[in-house]
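Below is one structure; the comments refer to it alone.
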Amino acid sequence: MTAGFSAVALPALQSLNHDPVLDDEDASWVAALTAIGAPVGSLLMGPMLEKLGRKWTLIVTNMPAVIGWVFVVTAFQPIFIPLLYLGRLLTGLAAGLVSPPAVVYCGEVVDKGMRGVVVTFPSIGVISWNGVCLHAGCNIERKLAHGGGNIFSSSIPIISMIVVWFMVPESPVWLASRGRTEAAEASMRAVRNLGPEDKLPEEVQEELDCMIETKNNKDNTHKDTWKDTLRFLKRPEAYKPLIIMNAFFFFQQFTGILVVMMYTVNIVQDIGLDFDGYLATVIIGATRFVMSVAISYASKTQGRRVLCTLSGVGMTLSMTTLAAFLSLTRDGVIGRGELSWIPVIALVIFILSSTVGFYNLPFAMLGEVFPTRIKGSAVGFSMFMASLYFFVAVKIFPALKDTFEYNNVFTFYAVMCLAGTLTMYKFLPETHGKTLQEVEDS
């Protein structure tokens, strides 16, 4: 909902009916401030994962979201804009904190046969709540984003904390790494739906033994310092996934996925389409949700590389279509009136295609590709860089479209889609059907 807020709230905040009226610079900060908070959260997340564990990290990370939404809900004159900025900064901090622990947790507790499905659930959750926010935005011009909708938004983190507290067991991987063998076994039984007296299946027992062996090996060596971590990063199994995942996040942001999601209404209105911009956000949100669920289950049989390639091809074709349409209409070759459905369909297909791979997979694979020894730090650093890419991409978009016009900006995104597709086709590792240890060994 943090990301969905910008897509539907900015046009209303910039309308003449709102006091104060936000200009383009203010609006770009409302969209981008979440990306400033997110890198800070990403850096804090690594140590929190190691010190507090996965469960407590998930609980604690919801607190900034509650406070942030309260600021957004209660923003008032004459300090409306500062309170709105502060609220967006805190919700961004929470976004940077909460996503990686969820992905890491899913990657650690689920067996390899279902991991490809379950690690996409956090992204589906994000898309679902963004969809709720986008649907609420249909009436946002008449009932601004504040009030009931944002009060509802602030209640979601509270509900999440309660659910995690009572229903989510700690990760067996983390418990084993702390020498709590019995607790790790109990957690493994809980997440695999096994009773306390049931015999552990051979595969589950092997996973548990591997966790304990990793802990014993770690005990036989001295505690890693930051210098040891840097030395470990010189090893291929450490630096290769780090470079690949950061490249994946770079292309995720600079292909325009989040830009389109956060500026949907503005884009539809600015390019002069005879189409309701708010309706376009709802259509995009609905297609993202349906596609995310479908791809989640497709991940059970299809590898990451296949989904990534399909996603990249679809994004490249749809963004090229959109850029070509805007160039031709600008030059007067074709008219927009009767063909206004073409860019709308192109936008929907672009977002739908991104959901197949480039939007979901980077987050899903964070819990799979890094060695346990550096997982917390590597995930935190990757999310830090992803947040920086996000901030730059979202913050500069208004200036880019004013300077170079939409057709040229979308042409750039199309080129980045093609470059990202070719790069990931060449270097993205396959994790489908492998245990975490097998992924690390490969």
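For all residues, glycine too, the Cβ spot is worked out from N, Cα and C.
TrEMBL annotations: computationally assigned, not manually curated.
Across the domain 'Major facilitator superfamily (MFS) profile' (1-432), mean pLDDT in this model comes to 79. What TrEMBL records for 1-432 is domain 'Major facilitator superfamily (MFS) profile'.
For 27-46 (among others), the entry in TrEMBL reads transmembrane segment. For the transmembrane segment (27-46), same-chain residues at least 6 beyond its ends with a Cβ under 8 Å from one of its own Cβ atoms are 2-3, 6, 9-10, 13-14, 57, 61, 64, 84-85, 88-98, 100-101, 262-263, 376-377, 379-384, 386-388, 390-391, 394-395, 397-399.
Residues or ranges marked as transmembrane segment by TrEMBL: 58-79 (among others).
As annotated by TrEMBL, transmembrane segment applies to 85-105 (among others). If one looks beyond the transmembrane segment (85-105) by at least 6 residues along the same chain, the residues whose Cβ comes under 8 Å of a Cβ in the stretch are 2-3, 5, 29-30, 33-42, 44-45, 48-49, 54-55, 57-58, 60-65, 67-73, 75, 119, 122, 125-126, 157, 168, 171, 363-364, 366-367, 375-376, 379-380, 383-384, 387.
If you look up TrEMBL, you'll see 242-265 (among others) marked as transmembrane segment.
What TrEMBL records for 277-299 (among others) is transmembrane segment.
Sequence-distant contacts of the transmembrane segment (306-328) (same chain, at least 6 residues past either end, Cβ-Cβ under 8 Å): 255-257, 271, 295, 298-299, 334, 339, 342-343, 346-347, 349-350, 352-359, 361, 405-408, 410-411, 413-414, 417-418, 420-422, 424-425, 428. Summarising the annotation, TrEMBL assigns transmembrane segment to 306-328 (among others).
Summarising the annotation, TrEMBL assigns transmembrane segment to 340-366 (among others).
What TrEMBL lists as transmembrane segment is 378-397 (among others). Within the chain, the transmembrane segment (378-397) has long-range Cβ neighbours (under 8 A, six or more residues past its boundaries) at 28-29, 31-32, 35-36, 38-39, 41-47, 49, 92, 96, 99-100, 103-104, 238, 241-242, 245-246, 249-250, 252-254, 256, 258-259, 262-263, 362, 366-367, 370-371, 409.
Among residues of the same chain six or more beyond the transmembrane segment (409-428), those with a C-beta under 8 A of the stretch's C-beta atoms are 244, 247-248, 251-252, 254-256, 259, 304-305, 308-309, 311-313, 315-316, 319-320, 322-323, 326-327, 358, 397, 400-401. Taken from TrEMBL, the feature transmembrane segment covers 409-428 (among others).
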